[in-house]
Amino acid sequence: LSLPPQFSGLLGTVYRRGNLTFTRDGSALISPVGNRISLFDLKNNKCETLPLATRLNIVCVGLSPDGTLAILIDEEGAALLVSLIGKCVIHRFYFHKPVHSVSFSPDGKKFVITKDNIALMYHAPGKKREFNAFVLDKTYYGPYDETTCIDWTDDSKCFAIGSKDMSTWVFGAERWANLIYYSLGGHKDVIVACFFEENSLDLYTISQDAALCVWQCDTELDGLKPMPPKDAAKGKNAAENDEDFLEETKGEEIHGKANPNEKETRNKVKYSRVAKYFFNKEGDFNNLTSAAYHKKTHLLVTGFASGIFHLHELPDFNLIHSLSISDHRIASISINCTGDWIAFGCSGLGQLLVWEWQSESYVLKQQGHYNSMVSLAYSPDGQYIVTGGEDGKVKVWNTLSSFCFVTFTEHNSGVTAVTFTSNGYVILSASLDGTVRAFDLHRYRNFRTFTSPRPSQFSCLAVDSSGEIVSAGSQDSFEIFIWSMQSGRLLDVLSGHEGPISSLSFNPMKCVLASASWDKTVKLWDMLDSWRTKETLILNSDVLVVAFRPDGQELAVAALNGQITFWDHENAVQTGSIEGRHDLQMGRKELDKITAKQAAKGKSFTTLCYSADGQSILAGGLSKFVCIYNVKEQILMKKFEISCNFSLDAMEEYLDRRKMTEFGSMALIDEGAGDEDGVAIPLPGVKRGDMSYRHFKPEIRVTCLRFSPTGRSWAATTTEGLLIYSLDSGLIFDPFELDIDVTPSNIHKTLRQKEYTMAIIMAFKLNE
């Protein structure tokens with residue numbers, strides 16, 4: 001661990017909230033996962049999470065037309081300008097208010113963001129060398145309520161924005177003589193999306209009550225006339241006079257009026273509504289939540305709150321097909337550039353789907369454990385990771401591609417522990433539903449179910465090094481159950497503990513089982529001596545977790561008082577201890593009455609894990625830090641900060657004074673009441689909304705840590721998802737039967753000589 005491991009990937013969360021975006025070539029998808037973004041390469045079946053993070057959850061992502069830059073904006077309006085080539089942050093900017101959407105112009109020279117009831121147009125960075133990346137060009141006023149969506153015409157001359165006041169506004173990106181602004185009504189609910197027709201000013205607007213209006217314009221795009229020079233100069237001078245005293249250049253302001261008088265509308269562009277269509281004619285009234293339009297194929301995709309989506313062909317509004325893909329609200333839709341693939345994101349369940357509509361098949365179908373991953377285990381070769389969650393699912397992830405390739409849903413309650421057997425083909429999981437299940441990775445089926453005579457909730461699990469003996473500890477009967485893997489029969493019930501069993505661990509080298517309990521003891525059971533208790537180690541506090549060193553010579557024990565103690569279990573002697581409570585560095589939750597320092601006195605490590613060489617130990621608990629200790633020296637080597645996402649609770653050590661009022665914390669008041677994902681407050685004066693609407697802030701915690709058997713990486717299950725930290729970041733060079741003469745230059749040489757078979761065999765050998 002001389003070189004600190006780098007953050008290498010986030011698995012287990014595929015979509016949190018925000019808008020999905022396809023890359024320019026249409027083969028990869030960018031998805032916001034909390035405060036990071038993941039890039040799903042659909043052609044090569046790989047996924048990577050970029051090593052950069054915003055301060056809060058990402059709400060909108062804007063991609064430049066050439067596909068090199070992205071703008072990420074979080075919940076408070078802080079923006080990052082990111083290079084997708086170098087995968088680094090180029091510039092930071094703060095918009096001061098929550099931003100609803102961001103969109104680059106098709107020529108890549110400008111971008112527009114919508115916040116409050118205005119739209120701001122900025123010069124896009126990267127076109128010319130400048131000192132400040134975000135230079136404000138124009139501010140557009142017009143709507144009375146918050147603006148929701150943006151769409152540009154193909155030649156970047158105009159853009160349209162939709163608003164919550166049920167109006168849509170068309171603005172000129174330049175001051176055109178016949179189009180400065182135009183306001184369109186016609187809807188009875190919030191505008192969800194607006195789209196221009198290809199190479200035209202004709203417009204489609206879609207509102208939340210599932211209505212579509214088709215607007216026809218009397219002017220072509222070529223018919224937009226530039227302002228006569230004297231009028232333009234007059235407007236400029238007025239703007240320049242104000243700017244003499246201002247530090248920040250304000251740019252030009254354009255104020256739109258909802259009902260301009262006749263003199264102002266003379267010789268201007270006019271719109272007329274040609275048609276109005278309604279989705280859901282059967283009367284299953286349902287909120288429309290998202291929409292996307294592909295201009296070349298005239299394909300409109302709309303998603304609804306019930307998880308249904310429709311495909312229509314415009315302008316005739318012919319239904320192609322409609323399907324239900326989820327039982328939660330579809331939060332975001334995106335279509336790739338060819339119009340073949342449609343991506344859907346459901347934030348309620350954390351689902352991400354890519355659907356090929358012509359063949360009616362899935363290109364990608366991924367879902368994480370939403371917010372509740374509890375345990376993990378590496379396979380013996382380090383290729384796979386299995387995770388168990390409070391949702392009762394057991395998922396297996398491929399560490400190279402970062403995709404989940406199988407999900408087992410047999411458990412009826414939360415999974416508390418998972419593990420691989422030593423051959424790597426069997427997964428065991430223990431659950432609160434009173435079963436331990438064995439899954440086979442060849443046929444993907446549940447081939448054994450182990451139960452206890454009286455139903456009891458299993459809290460921990462261990463399997464011996466041969467994979468023959470399965471043991472699980474119970475929360476409520478304080479017993480340990482032993483089963484045979486071959487026959488599935490219960491072999492023995494070990495009683496002796498006087499409190500719930502918190503952790504089990506088999507010695508990798510000997511047939512000894514260590515069990516930890518809340519009765520302040522660790523018992524060692526000898527399997528060969530008919531499970532007689534060999535030793536009982538007495539501690540001063542409730543024991544939470546035990547772990548054997550990989551060579552089986554040492555036992556680490558973490559207790560409730562924050563101590564990690566090391567034992568020579570052969571002689572029942574304590575060899576060392578680490579006082580780790582202060583290294584955990586607790587955060588203070590928003591509604592905590594006591595400070596973080598006081599709260600830390602009752603906190604401790606809840607998960608332990610030795611490194612592959614046994615020289616250091618990883619420890620984590622209810623905080624955002626993972627500590628690595630050197631066992632021999634008993635010192636802290638490094639602390640990893642798992643997350644910097646302030647959308648999670650207990651991230652800060654001190655509470656923000658600005659959030660405290662004379663009536664208590666602002667966190668008690670539900671923000672964004674009545675929004676699509678907010679809380680509807682039924683009566684005036686009621687502080688809390690309907691209690692059945694859950695509006696919660698998940699707390700940051702590390703539930704399980706495991707070191708890879710290869711010794712090159714370690715993984716942690718956290719509130720954010722499954723995080724992997726590894727020493728090998730980037731490309732893994734994995735050649736096959738390599739000779740001295742197999743080099744890239746020789747492969748190019750054989751290609752030039754047109755010996756194609758030879759060249760492809762050499763390329764395979766280089767695995768490149």
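Just so it is clear, glycine is given a Cβ too, placed from its N, Cα and C backbone atoms.
Here is what TrEMBL says about this protein:
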{"type": "REPEAT", "residues": "366-398", "note": "repeat 'WD'"}
{"type": "REPEAT", "residues": "408-449", "note": "repeat 'WD'"}
{"type": "REPEAT", "residues": "494-527", "note": "repeat 'WD'"}
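Secondary structure of the repeat 'WD' (408-449), assigned with DSSP and counted as helix (H, G, I), strand (E, B) and coil, comes to 0 helix, 24 strand, 18 coil.
If one looks beyond the repeat 'WD' (494-527) by at least 6 residues along the same chain, the residues whose Cβ comes under 8 Å of a Cβ in the stretch are 459-465, 469, 471-476, 478-482, 533-548, 550-552, 555, 557, 559, 567, 569.
The average pLDDT computed for the repeat 'WD' (366-398) is 90.
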